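Working notes for the structure below.
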Amino acid sequence: MPAAVMDSLDRGSPFSPSGSHSHQEWNTQVRKKNKESARKCRKKQTEKADLLHEEFQALEQSNATLVKEISELKKEVQIYTTALERHEPHCTKLNPASSVSAAPSTASPSTSSFIPEQNLLPYGTVLPDINSVSLADLFDWTPWDSVNDCGYLSQI
C-alpha cells in the first residue's frame, strides 16, 4: 500500500491497525446506534400493532351494530310482509274484478265490528318483488306531508 494511504489510515481511521483503542470505541458506538435503531423499530412496530388493534375493535363494534340493525330490519320486513299478505285478499286496487259490490254499506261503525281473517297464504309464501315505486304506481297515492289535518290536500 502506498505510504500516503497508510498515513491517512493511521490518522483517525477506525480501521487503523495502530489504534486498537479507537477501534473498540468505534465498535461500541456502532453497537449503541444499532441498539437504538432496533429499539425505535420495535417501538414503531408496537405502536402500529396497537393502532391496528384499536381499528379492529372499532370495526368489530361497528359490525356488531350493523348485524343488530340488519336483524331488526328483517323483523320489520317480516311484519310488513305479513300485513301485506293479510291485506291482499281484501284489496280492491289489486283485483278490481273480485272487489266487493260498489253499493254503499248500511252498517254503522257502532253496529259492525271488523274481525281480521286469518292469513290465507301459507307461511313462507314468496310474493312477487314489489317495491314502493311499483306500489305507488298501482294506487292513487298521496304523500302524507301534502295532506292537512282534515284529510284534504294542502297547497304546496
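Any Cβ shown, glycine's included, is placed from N, Cα and C.
Listed features, source TrEMBL:
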type	residues	note
COMPBIAS	12-21	compositional bias 'Low complexity'
COMPBIAS	35-47	compositional bias 'Basic and acidic residues'
COMPBIAS	96-113	compositional bias 'Low complexity'
DOMAIN	31-87	domain 'BZIP'
REGION	1-47	region 'Disordered'
REGION	92-113	region 'Disordered'
Summary of DSSP states over the compositional bias 'Basic and acidic residues' (35-47), given as helix, strand and coil counts: 13 helix, 0 strand, 0 coil
Across the domain 'BZIP' (31-87), average pLDDT on the 0 to 100 scale: 97
Three-state composition of the domain 'BZIP' (31-87), taking helix and strand from DSSP: 57 helix, 0 strand, 0 coil
